[in-house]
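J.: Submitted below is the structure of interest, expressed as structure tokens.
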Amino acid sequence: MAWSMFATTQADRAVRSATAPKEMWFHKKIIDEKTGKVSFDTRQIWSLNDLSKEELASIQDTNGKVITVSNPGIFNNREDSLSNAAKQNRNSTNGSGVIAVMNPPTGKYKSDSNNKIKDFLWLGSSLVSELMYVGYDQLNNKVFQGYLPKTNSEKLNQDIYREVQKMGNGWSVDTSNHSRGGITASVSLKDWVNNQKQNGIAPIRKARFYGTATNVQNDYADVLQKNGYTYTGADGKTYNSGSYSIVHDKDFVGNKWIPFLLGNNETTKGACKGFCYSHSSYFAEVPEQYKRDKNGNFVTDNEGNKIETKDWDSYTKIWGIPKKGTDGKDINHAIPKLVNPNKPNGEKYEENPF
């Protein structure tokens, strides 16, 4: 009796998250060129029509008529979803704005006091319902190929495709998908292509996956091939829309350790030896090395030494110290790489994931 009540409660929490009202936020990262000070301009929107002409012009100038959509993983509340959206897109893209689609967690997963023991207890209280939710998504993704009812996050992705379709004039969509967000992207596209006669072609230019629980080749690249979208690159040539993936070799979610349940994707070797938690250490660009205060000045310790940022520490522990390019900037070798469909048919893809 007690187990039945527990299971029912957990299932109800999963259903409530899957059917929560559609929610997306327009998230802009603003970097002061003189001081390096970073701030964010974030607001909820209900449609792409809520973007101003100036915002669309900024996107066009910096990102080439590409609307970038971010899909978060499990245990990501609004704050974490927005944070990952910024981490996993370039500053140029963040500067003109990224649309973060919310996929609310099934319960609380961390404490208000930043206490690790309390965090663990809160995480445990939501783990079963969260796994039920992602389990349903994965079942729809890998077994039913998108024919089961969609979650509202998946529906919202499709809403964006339709709006960009109507915009026409060369506008397209890039997606940035972390962890379970890859399943969101896969199911959205599979259902779309299943009903392509009424939907038309989804205007997806490039889809980037970071440590994803979907199999990028089988569950996305093959479907993107069927979708059949093409676009004109910056060089004036025509390309097929592409899928790109990065999975750290110690990342249990995107790895090949548990076929079917998880991603089963190709991996990229990192710097850490033995076990390390790499699932949250994906960056579109190498993070800034040193902390800055609210005025953009470097923060130092009592001896005058610059203090390194948490993101830099996370990046270097997982991926190693980056090499410098000829321009003196750090080179990020841990970016998503092109994933071809299983049966290429003369398609032409850009190697660059951005």
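Placement of Cβ uses the backbone N, Cα and C atoms for every residue, glycine included.
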J.: Can you dig out which of the ranges 30-56, 57-83, 84-110, 138-164 TrEMBL describes as region 'Disordered'?
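T.: When 30-56, 57-83, 84-110, 138-164 are checked in TrEMBL, region 'Disordered' belongs to 84-110.
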J.: Given the ranges 230-254, 280-304, 330-354, which one is assigned the annotation region 'Disordered' in TrEMBL?
T.: 330-354
J.: Below 8 angstroms Cβ to Cβ, which residues of this chain, lying six or more residues outside the compositional bias 'Basic and acidic residues' (345-354), approach it?
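T.: For the compositional bias 'Basic and acidic residues' (345-354), the sequence-distant neighbours (Cβ-Cβ under 8 Å, at least 6 residues beyond its ends) are 90, 93, 206, 208, 225, 233, 237-240, 242, 244, 284, 335-338.
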